[in-house]
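What follows is a set of notes on a single structure, which appears directly below.
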Amino acid sequence: MSWSYIDGLLFSLDKVVFVAYFFVLVLAMAVERKVSSFVITLIVLTVANGAMTSLSPMLYQYASQPDLSAKFAWYASFALIDMLAVFLLFKFHKLLAQNVGFIAKLVGMLFVTFATLQTGRFVDRFVFNTEFLQYVYQYAIPLLNIALVPVIIAAWMSELKLQRRNTSHEAVL
């Protein structure tokens, strides 16, 4: 298996990851039927991921131009979306009077990590003129996005199990 095959596979999985986030969001809304930290987190995650997935081809085409501003647009756009997602994640929790749950904290941390990787890669590539972060940048973001799907599902299942256990325990009392 060559690195170019892995690159292509990771790049093509962006759409699959978006569909997975969207599917889990619809499922969560159907199951929970109320506003929760998990639903808020999935809404922000799905919208941010969808925005990045839909902007990628256009930004990639623009970033292929030789000027530095085009390269900056690539990295800055994704970092901006990531940080806007962090802001919206916690703003919606506050507006809807929801406690920030484990999954929200995890997703918020990942958005900050993604923005840091975007910024670090731009500085690495165009300020220091090194390729130190190339592979970290190239593989970490898609791999973390892919890994987040089962982590979110497992954490949600655990949370639902705990809620049901607490509800049945309260009914006994």
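Backbone N, Cα and C define each Cβ position, glycine as well.
According to TrEMBL, the protein has these features:
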{"type": "TRANSMEM", "residues": "12-31", "note": "transmembrane segment"}
{"type": "TRANSMEM", "residues": "38-60", "note": "transmembrane segment"}
{"type": "TRANSMEM", "residues": "72-90", "note": "transmembrane segment"}
{"type": "TRANSMEM", "residues": "102-123", "note": "transmembrane segment"}
{"type": "TRANSMEM", "residues": "135-156", "note": "transmembrane segment"}
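Three or more CB pairs closer than 8 A are found between the transmembrane segment (12-31) and the transmembrane segment (135-156), so contact between the two stretches is assigned (pairs 6 or more residues apart). Residues 40-41, 44-45, 47-48, 51-52, 55, 59-60, 62-63, 100, 104, 107-108, 111-112, 114-115, 118-119, 121-122, 126 of the same chain lie 6 or more positions beyond the ends of the transmembrane segment (72-90) yet place their CB under 8 Å from a CB of it.
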